[in-house]
Amino acid sequence: MAPRLAVIVPSYNERDNIAPLYAKVAAALGEVPFEFIVVDDDSPDGTAEAVRALARLHSNVRIIHRIGRRGLSSACIEGMAASAAPYLAVIDADHQHDETILPQMLARAEAGDDIVFGTRYSGAGSTGGGFSASREAGSRLATRLSGLVAGKTLSDPMSGFFLLRRTLFAEIAPQLSREGFKILLDIIVSARRARAGSGPELRIGEVPYTFRARHAGESKMSPLIVVQFLGLILSKLSGGILPTSFLLFAMVGASGVAVHLAVLFLSSEVLGFGFAAAQLTATLVAMTTNFVLNNSLTYADKTLRGRRFWLGLLSFYLVCSFGTIANVSVATLIYEWSPTLYVAGIAGALMSVVFNYAVTRVFTWR
């Protein structure tokens with residue numbers, strides 16, 4: 001029987017959680033025909049093999065084993081794109097989402113809702129024992145910030161537990177960002193924009209649940225997720241004109257200015273280097289820190305390791321050298337046209353950011 005629902009499970013180092021989660025989902029859905037799709041980012045703990053072992057026991061279990069690609073949003077997109085089921089659900093592998101509300105979510109979608117998500121902040125929903133006090137405060141702040149782009153008030157647009165119609169996914173898939181971790185917010189914003197002025201109004205349902213403590217393994221929450229979330233918010237505020245990755249690249253570049261000035265001062269005033277030597281040292285250190293941050297933040301899904309890390313660093317140095325030439329050329333041209341120091345300087349800096357982003361995206365993190 002063809003599946004009515006696809007349950008997408010993005011995973012990284014979740015070996016011990018997969019089989020128990022499948023059993024819980026199967027029990028919750030009962031007679032509903034479903035497929036269980038795990039999208040694993042080449043977990044070193046053997047998650048993919050655990051899924052294959054499970055698949056040998058259950059024909060509705062599938063594995064998408066990604067090598068050289070990482071990231072929750074892109075994993076969810078690939079999982080949803082791989083299914084022909086009319087309804088698509090995303091649930092975390094760590095058991096913090098309450099799988100028992102899946103039938104309610106499916107029923108609401110079958111009754112007409114386009115998107116249904118599990119909410120921790122409405123009705124009987126709560127964060128239970130799944131959040132520390134600081135993480136709950138951060139989650140509520142992020143929920144308020146998301147209102148800047150989500151428009152209509154939603155109780156928990158940061159939820160990672162949701163279900164949507166496959167037809168809606170097909171409608172907006174090209175507009176979704178593959179960077180970051182908050183794909184529900186991206187889906188809601190993209191869907192509302194796609195239907196603005198035409199088509200039926202987007203119908204969104206909420207089902208309360210209690211967020212649970214992790215079953216096994218370690219949490220993936222990190223400062224990286226926070227920065228990527230801010231990048232997504234800014235990208236959506238720009239109407240999608242500025243990609244999240246470009247905004248993250250620019251943020252890293254801004255931090256590089258601070259590093260450059262700090263090293264310049266240290267080299268010149270503390271270590272006694274001449275200006276040329278101090279400037280060269282500051283430039284190399286700033287470029288190196290920019291590369292490391294971009295490698296782990298902007299391109300977290302394409303992180304370079306081992307030999308590729310060092311080759312990537314060399315190509316980054318080379319590209320940034322040409323970016324400096326582009327910076328000076330544009331700034332000089334602008335200054336000759338209109339001799340306003342700061343306008344010319346900003347124009348050159350913008351040219352450098354755009355040039356470095358465009359070229360390193362192709363040659364360094366290809």
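Each Cβ is built from the backbone N, Cα and C atoms, and glycine gets one as well.
A TrEMBL annotation is a machine prediction, not a hand-curated record.
Noted in TrEMBL for the protein shown:
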type: DOMAIN; residues: 7-172; note: domain 'Glycosyltransferase 2-like'
type: DOMAIN; residues: 249-365; note: domain 'GtrA/DPMS transmembrane'
type: TRANSMEM; residues: 221-239; note: transmembrane segment
type: TRANSMEM; residues: 246-266; note: transmembrane segment
type: TRANSMEM; residues: 272-293; note: transmembrane segment
type: TRANSMEM; residues: 314-335; note: transmembrane segment
type: TRANSMEM; residues: 341-359; note: transmembrane segment
Residues outside the transmembrane segment (314-335) whose C-beta sits under 8 Å from one of its C-beta atoms, at least 6 past its ends, are 284, 287, 290-291, 294, 341, 343-345, 347-349, 351-352, 355-356, 359-360, 363-364
Confidence over the domain 'Glycosyltransferase 2-like' (7-172), expressed as mean pLDDT on the 0 to 100 scale, is 86
Long-range Cβ contacts under 8 Å made by the transmembrane segment (272-293), restricted to residues 6 or more beyond its ends, are 252-253, 255-257, 259-261, 263-264, 312-313, 316-317, 320
Counted with DSSP (H/G/I as helix, E/B as strand, rest coil), the domain 'GtrA/DPMS transmembrane' (249-365) has 103 helix, 0 strand, 14 coil
